[in-house]
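K.L.:
Below are the structure tokens for one structure; questions will follow.
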């Protein structure tokens, strides 16, 4: 993969492009009618993730519709606990559920068979690289150990992930064992995605923002550093984006501490601070997804502010989190058009 003509890769290598490349987190999702039709055909959400033909289709849908500069593998961060036999399921209107894990359960966890369980995901990556135009960057991904662990401890998502925080305070050794195991599995998972054709990968730490300063270093920074070091020890040229949602001022040293090439920013990050972070390397973000729902002047103003402040440096234009199901596909088209119209 030379990747010299793939705009997202160019930015990850430190180049500044005008207009910047654009893709959106959850760009393949429920806001698109074609996605909803494919989702029904799949049966369950996990069946959609594990059926390469359908996962390829939903990955390509937003590329066909909008011509984004990157396609991100359609899967979910919770396929890793699913591969660890945690009985993961997605219940309509309730979000993900799985069997909660305790100290004894953590002691019994094993990496055996995990990568084999994820073979359909790797098949999807291989097929995607064959289907995508040469100029489109293919992104793989995984969940950060802290975020994945929050679901494993509680058995579901919670508003502030208090169950995982409490478990970490009460059982720090068991919790750190869980994070280390997840980091090692995630590194293997990303290496395999890269080997199958992913040009770059992103690590999603969606719940990093609930951690205090000390815990952030221990549970968000260290496991992600471990993943990146492991991937780079085997694939030195790997390009990696790390997204720690809600981390705020703790992002100041996040890139250096983890070794990430680029850092993703949520919409709460002040653009003045984002500009400081951009001096050290590429940034990705950070439009409020609700502006896409709103459309019109609110959408245009949000886009223009980001481009005015960050558009002269290495920027991958994205949202500050995933696009929401109530977004109008026409508003997404307007977003892409406005970003690409910047000169």
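Cβ atoms here come from the backbone N, Cα and C positions, even for glycine.
Features from Swiss-Prot:
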- 26, 27, 28, 29, 30, 76, 151, 206, 321: substrate binding site (BINDING)
- 76: site 'Transition state stabilizer' (SITE)
K.L.:
Pop the Cα-Cα gap between residue 76 (site 'Transition state stabilizer') and residue 28 (substrate binding site) into the table, whole Å please.
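P.N.:
Residue 28 (substrate binding site) and residue 76 (site 'Transition state stabilizer') have their Cα atoms 12 Å apart.
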K.L.:
Taking every protein chain in this structure into account, which of the binding-site residues 26, 30, 321 has the most other Cβ atoms within 10 Å of its Cβ?
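P.N.:
Of the binding-site residues 26, 30, 321, the highest Cβ count within 10 Å belongs to 321.
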K.L.:
Determine the most Cβ-crowded residue among the recorded positions 28, 76, 151, using a 10 Å radius around each Cβ and all protein chains in the structure.
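P.N.:
For the recorded positions 28, 76, 151, the Cβ with the most other Cβ atoms within 10 Å is 151.
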K.L.:
Out of the binding-site residues 26, 30, 321, give me the one sitting nearest to residue 76 (site 'Transition state stabilizer') by CA distance.
P.N.:
26
